[in-house]
Each structure stands twice: as structure tokens, then as C-alpha cells.
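The next block holds one structure in the form of C-alpha cells; read it before the comments.
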Amino acid sequence: MDWVISDELSLTVGTVVGWVSAGAMILGGVIPYIPQYRQIKKSQDAEGFSLLVCLALLIANTLRIMFWFGRHFEYPLLIQSIIMNVTMFIMIHLCVRVRNRNQLLQARQRIFTDFDIKYFWNWNDFQSYIDCMLVFTILTSILMYVFIDKIIFVEMMGFLAVFTEAMLGTPQLVKNFKNKSTEGMSLSMVVMWTCGDIFKTLYFLFREAPIQFWICGSVQVAVDVLILLQVYIYRENTEPQRVRPHRGD
């Protein structure tokens with residue numbers, strides 16, 4: 001009887017841990033943007049947040065969703081991508097509204113259908129961002145439909161999805177190197193990135209996610225560690241710099 005109770009308890013604990021891990025994967029990447037959203041809304045200043053972060057995450061998660069049709073992976077990872085895309089659109093909507101409100105002079109409206117590369121992803125209306133991602137989604141959907149039987153294409157799309165996300169920390173790494181300082185960068189934010197990326201990579205490994213996921217997760221952790229190493233190397237340099245970390249997870 002004892003071993004029956006033990007097995008049932010083990011199954012219950014394992015199930016709970018599995019659900020908690022899945023929940024952390026689904027919502028963990030969104031949580032850092034909640035204080036960012038509140039700060040922008042409160043200060044009515046969106047200049048400290050780069051919309052390129054939203055672009056990178058939208059591309060990465062859209063590609064990941066397309067990859068799911070070619071090679072099914074865990075539902076929590078699929079749900080995470082959908083929620084992250086919704087979150088990025090919410091951030092874009094707020095930033096566009098705040099920037100338009102703070103505009104002192106009424107400049108010429110820049111929209112997606114202008115097809116002006118100089119103003120790509122720097123449009124004045126929220127609809128343009130939706131239109132751009134809609135076109136991207138349609139194109140990738142067509143490609144996936146045509147080449148879904150080509151394993152190399154499917155695997156490459158999966159790699160591009162996670163690689164795009166893995167490179168989000170490199171702009172901060174390069175900026176620190178050029179300035180030879182990490183002054184103005186939030187150390188707690190980088191620590192939070194690192195912990196989250198380590199958890200995510202371990203989740204990929206233990207849940208046997210596609211190889212692209214945990215390889216690029218490892219790259220992401222490596223970038224985080226390099227930024228933390230810069231904090232130590234440049235610790236004596238306290239010259240003020242306007243360095244703001246911009247990243248998504």
C-alpha cells in the first residue's frame with residue numbers, strides 16, 4: 001500500500017511541477033513588459049523603449065508559430081508565442097499613441113503603404129504595424145504551405161525563430177563595449193534576463209524541445225553572461241552614459 005501512495009504522490013507532484021513550469025514559460029516572457037508599460041503610461045514618454053525590440057519579438061514568435069505547423073512542439077511554447085505577439089502589439093499601440101501626443105509639430109504622417117525604407121518601423125499610426133506583420137505572416141504562411149514537406153526548410157524556419165530572439169541582447173553588449181562602461185544599465189534587469197534564459201534553456205532540454213530551441217537558448221545565456229562580465233570589467237568606469245537596456249524574452 002505504501003508504494004501505491006508513493007507513486008500517486010510522485011505523479012501528483014510531477015504533474016504540479018509540470019503545470020507550474022509550463023505556466024512560467026507561457027507568462028515569464030511577458031512579465032518584464034508590465035512595469036515597462038506602466039512606466040510609459042505614467043510618464044507619457046516612450047523614448048526609453050525601442051520599438052525594434054517589438055519587431056524582433058514579433059518576427060521571432062511569428063516564425064515560431066509557423067514552425068509549429070511543420071514540426072509540432074509543446075503547446076505551452078506555442079501559446080507563449082501567441083501571447084508574446086499580443087503583448088508586443090499592446091506595447092506598440094501605447095508607444096505610438098504617446099509619441100504622437102508628444103509631437104510638438106505636426107509632421108507628415110508616415111504609414112506602411114508609403115514603402116519608404118527610411119521610415120520602416122517608425123510609422124505614425126498603429127494600423128501600419130499591424131499591416132506590416134500581416135504581410136509578413138501571409139508570406140511566411142505561403143512559404144510554409146509550399147515547403148512544409150521539405151525538412152531543411154522547416155528546420156531552418158525554426159532556427160531563424162529562436163536565433164532572432166537569442167540575438168536581442170547583443171545591441172546592449174555592443175553598446176557597453178563601445179562606451180567601455182555599463183553606467184546607466186540596470187544590473188537587476190540583466191540578472192533577471194539571465195535567470196529567465198537559464199530556466200528557459202533548461203526547460204527546452206528537459207522537455208526535449210527541438211534542438212534549435214535549446215542551442216539558441218544557450219546563446220542567449222552566453223550573451224547575458226558576457227554582459228554581466230562587462231559589469232565586472234568596467235566597474236571602475238563610472239562616467240555617466242545614457243545606456244538603456246532594450247531586450248525581449
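Note: Cβ is positioned from N, Cα and C throughout, glycine not excepted.
According to TrEMBL, the feature transmembrane segment maps to 12-34, 46-69, 75-96, 128-148, 154-174, 186-205, 211-234.
At the 8 Å Cβ cutoff, the transmembrane segment (128-148) and the transmembrane segment (211-234) share fewer than 3 close pairs (sequence separation 6 or more) and do not count as touching.
Cβ atoms under 8 Å from those of the transmembrane segment (75-96) belong to residues 22-23, 25-27, 29-30, 33, 36-37, 40-41, 46, 49, 51, 54, 57-58, 61-62, 64-65, 68, 123-126, 129-130, 209, 213, 248 of the same chain, restricted to positions at least 6 beyond its ends. Outside the transmembrane segment (154-174), and at least 6 residues removed from its termini, the chain residues within Cβ reach (under 8 Å) are 53, 56-57, 59-61, 63-64, 66-67, 70-71, 140, 143-144, 147-148, 185, 193, 210, 212-213, 215-217, 219-220, 223-224, 226-227, 230, 243, 245-249.
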